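A.B. asks: As annotated by TrEMBL, domain 'AB hydrolase-1' applies to 65-321. Summarising the annotation, TrEMBL assigns active site, nucleophile to S137. Annotated active site per TrEMBL: D288, in sequence order. Under the heading active site, proton donor, TrEMBL lists H316.
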Amino acid sequence: MCRSNPPGLLPIDPKSFIFLFVCRAAVSSSLFAPSSSISNGYLKVSELHTIYYETFGNRCGQSAVFLHGGPGAGCTRRHAQFFDSQHYHIVLFDQRGCGKSTPKGCLQENTTWDLVDDLEKLRKHLNVERWLVLGGSWGATLGLAYAQAYPQVVHALILRGVCLFRQREIDWIYKQGGASSIFPFSWKNFVSVLEPDEQNDVLTSFYKRLTSSDPSRQLSASRAWFSWEMALSFFSIEQSLAWNGEQYSNPSGKVRVLLNGFLKDQQLLEGVRRIRHIPCVIIHGRYDFVCPVVNAVDLHCAWPEAELKIVGDSGHSMYEKGIARELVLATNKFLAR
């Protein structure tokens, strides 16, 4: 039996989630028009887990897969709008325990390498020979891990808001002295739900509260967690204010990955040597306070053949105008290859 998130907290619908954050026509104008789904289904990837997938665009077009962030966020149809549907065969899927995948919220058999293998099983299930991989934040982590495991099937990589999953990156967000120095009031609100002795180990303390059998403890911890993440995620104040602060999903799965990692500290940087022949565009917001821009610079130093684009007017979100524009330019660029 799978251990899922405890009862008492209504999970947010991932389709409504992104629209809470993005409601500006300027962002929409950077994306392609919505397209209709051409197929969807469920793929059983283990005795326990089944993942949901959906495809868009041109069945005969160049294949591309979008890797959502989180961990735990899930996909929305809006993610398909970063690709030209006339020319791309676009694949979206919800990672284990996310979105429409089942069992929802399940934390068992849910590691980085389980997700990497799921992605390869999905490629084979859809009869895709090679594909473009686009991932942001945690999706960039997963994209790098997948490409390093299966370089022969990756046509190109687009990485946004690079996360290399090093301990210092996790400490930056969840320990005193990193992002807390830039957003001191938001940090104070974040840790205020914890007792003073719990604040010595923020991640472990939040994990205990998020997996508590007490719904009120879950809810207060979820509210604090998402308020902190939203404080860091947007450079544009207009976009950050679009979140109504009323709906939450339980981020216990994300906290579990942050605590365990399932990756050695420098593993993704050391593994770049296996994929330097793959065309890659790295896109990173100059004012990304979730994944600092030094992550992208470090990756580019290890991978000088990759194209690095630092977007001066943007933060972490893929929907900030400058980031969205560069993502669309990158997907268009790889159509010509």
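Backbone N, Cα and C atoms are what each Cβ position is placed from, and that goes for glycine too.
Caution: TrEMBL annotation is automatic and unverified by curators.
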A.B. asks: Using C-alpha atoms only, work out the spacing between the residue listed as 'active site' and S137 (active site, nucleophile) and round it to an integer in Å.
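C.D. replies: Rounded to a whole number, the Cα-Cα distance is 10 Å.
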A.B. asks: Let me check the 10 A CB neighbour count of D288 (active site). How many other CB atoms are there?
C.D. replies: 27
A.B. asks: Averaged over the whole of the domain 'AB hydrolase-1' (65-321), what is the pLDDT?
C.D. replies: 89
A.B. asks: Can you give me the Cα-Cα distance between the residue listed as 'active site, proton donor' and the residue listed as 'active site, nucleophile' in Å, rounded to a whole number?
C.D. replies: 8
A.B. asks: So what sits near S137 (active site, nucleophile) in its own chain, CB-to-CB under 8 Å and at least six residues off in sequence?
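C.D. replies: S137 (active site, nucleophile) has long-range Cβ partners G69, G70, R160, G161, C163, V290, C291, H316.
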A.B. asks: For the residue listed as 'active site, proton donor', what is the tally of other C-beta atoms lying within 10 angstroms of its C-beta?
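C.D. replies: 25, counting other Cβ atoms within 10 Å of the residue listed as 'active site, proton donor'.
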